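According to Swiss-Prot, the protein carries these features:
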- 1-18: signal peptide (SIGNAL)
- ASN60: N-linked glycosylation site (CARBOHYD)
- 114-255: domain 'PA14' (DOMAIN)
- ASN281: N-linked glycosylation site (CARBOHYD)
- ASN313: N-linked glycosylation site (CARBOHYD)
- ASN340: N-linked glycosylation site (CARBOHYD)
- ASN365: N-linked glycosylation site (CARBOHYD)
- ASN446: N-linked glycosylation site (CARBOHYD)
- ASN472: N-linked glycosylation site (CARBOHYD)
- ASN521: N-linked glycosylation site (CARBOHYD)
Amino acid sequence: MKLLSVLITFLLATVIYSQTNPATLTFTVQVYDQFPGYNNNFQTNGAGARVTGLIKSTLNSTTRVPELVSTATGGLNGVGLILNPSLFPYFFSPQQDSSLPGQNSPLSLDLVFTYDTTRNIYVYNNQNFFPIDNQGLDVDPAKRIYLNGATYHNYHFCMKMNTVFTYKGYEVFNFQGDDDVWVFINNKLVIDLGGVHGPLAASVDATTLGLTIGNSYNFDLFFCERQTVGSTIKIETNLLFVCPFEDYCGVCQGDGSSCCNPLTTCNDNNQCTIDSCPPANTTIGSGSISDYCIHTPKINTNPIDICFNYQCNSSTGNFDPIPIPCLDRSSECLSTIGCNSTVGCQYESICNSNVCNIQNQCSSNGTCVPKSSNDCGIELDGQVDKCKIYSCDSNGGVGCIKEDKCKPSEDKCHVVSCDSLTGSCITTPLEDPLAGLHLCSIARCNSSTGEFTYDPIICTPSSNPCISTQCNATNGQCYETQIPGDICDCGCGIPENKCKVSWCTPEGICQPKFKSEIDDNNSCTLDSCDPCTGIISHMTAPQCLSCNQCSN
């Protein structure tokens, strides 16, 4: 069984100017209910002892709560049964978030001091000091598991008292107690009874602290009950405490946590705010404390991204990325293809998807510029060919195409060509491949096939039957020649005399004459012709029968 008995004696000087002291004084202090399941520095069940030097000798002037000298386990902390140094800050500071270690429940407690007229001191004496039974965390029956025999009490809590007194020059105080008790005057540690231990006593003579009469000094008392099973407290004081301010919970220099829980009192159901209680010195006027809560917007800790704005999700508290809309640049023929976190919005020309548009070129009215025939000419040939017709076919991504301006004639006997300087179409007859070889023939072209045939030139006959007309193969001209009379058929034959033929004179007169072959021009023959049969005979002349020396 553990006995908690704290005896702190604050000797009060007689009130100056014979002021009558009230019969009772009520001082509201801050209490932090603890539960061993949340903070294992409580109910360690170890063999404790008084340990000095656990906390720093100078009080933190900002937080005004003690700080451990070391955060290491073991050593002095182990002797003082501080098994988990990381949770020590929650001995005297609020931690109301159940999702985090070290949860406690802040409460306020009124200590009522009674004036002892015989000794001119105020006394608080409670030999069964269980001020927060069934309160704080122990509102949950499952937490009421620590007993003294069959009797339940709340054995795990810490208390702090932060106030100010004006030094008169004669103050002293004495106390007796068990478990952690630390007292600071002027932010200096003057009582050091750390650890889990039995009742111990200590005294402080304020006249030995180098204080100046008339000056005001901080007085800070810290007390913890950390283990079952007994608890007593007795306080006697003649110090004239002055409370610089009370928090809105009524606690002297309190932090507001005894009546304000940021997770419940100040919960605005918006996960995008950090809810906190009002500053401790806030004056609560009309309305409730929750009307004065502070709701600080959460700060986005995501790296800056020029493609996204981060917006807090009020349901989750997470910062969701919201894409930043890219500018509409359709008037520049540009479409968005996404955003790059380094350079921002990316665009591409809508004109580039059509092969018949000039790449990356947009008109002033926001439409793509189509390729002209000249553009296609330059693209295909390096320059415009006047003998070509250029166009662009977007179907199937074909792009620029060209065709001859001058189309072949349907008449195969004519050739269509183009003047490269003017682009004019010129039609010329198909050239005879045998031209010059058949001057006495007329070449004829088949318009369906383009093939040539050749008809001979017919020269006009002469009216003179003794004149022949014919074509000159060297120049293709018709010319006349005289037909020898003996072969000229004048049409005046003598049928009754078969030894004669027609003879045509140069004048064209028909005169019959003997056939020329009757005369063989041999003087040794006698030439004759049978007029009836036309048989020619050549008999030897008589004069040539003997000599055979006839001359021709």
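Cβ atoms are placed via backbone N, Cα and C, with glycine included.
Put simply, ASN313 is the one of the glycosylation sites ASN313, ASN365, ASN472 whose Cα lies nearest to the Cα of ASN60 (N-linked glycosylation site). Across the domain 'PA14' (114-255), the DSSP tally of helix, strand and coil residues reads 10 helix, 68 strand, 64 coil. Between the alpha carbons (Cα) of ASN313 (N-linked glycosylation site) and ASN472 (N-linked glycosylation site) lies a span of roughly 112 Å. Using Cα positions, the member of the glycosylation sites ASN281, ASN446, ASN472, ASN521 nearest to ASN340 (N-linked glycosylation site) is identified as ASN281.
Each residue contributes its Cα atom, and for ASN472 (N-linked glycosylation site) and ASN446 (N-linked glycosylation site) those atoms are 26 Å apart.
Summary: among the glycosylation sites (ASN365, ASN446), the fewest other C-beta atoms within 10 A of the C-beta are counted at ASN365. Just so you know, of the glycosylation sites ASN281, ASN313, ASN340, ASN472, ASN521, the Cβ with the fewest other Cβ atoms around it within 10 Å is the one at ASN521.
Averaged across the domain 'PA14' (114-255), pLDDT in this predicted model comes to 91. Around the Cβ of ASN60 (N-linked glycosylation site), a 10 Å sphere holds 11 further Cβ atoms from the protein chains shown.
Taking only the Cα positions, the spacing between ASN521 (N-linked glycosylation site) and ASN446 (N-linked glycosylation site) is 58 angstrom.
Annotation note: ASN340 (N-linked glycosylation site) sits in a strand segment as assigned by DSSP.
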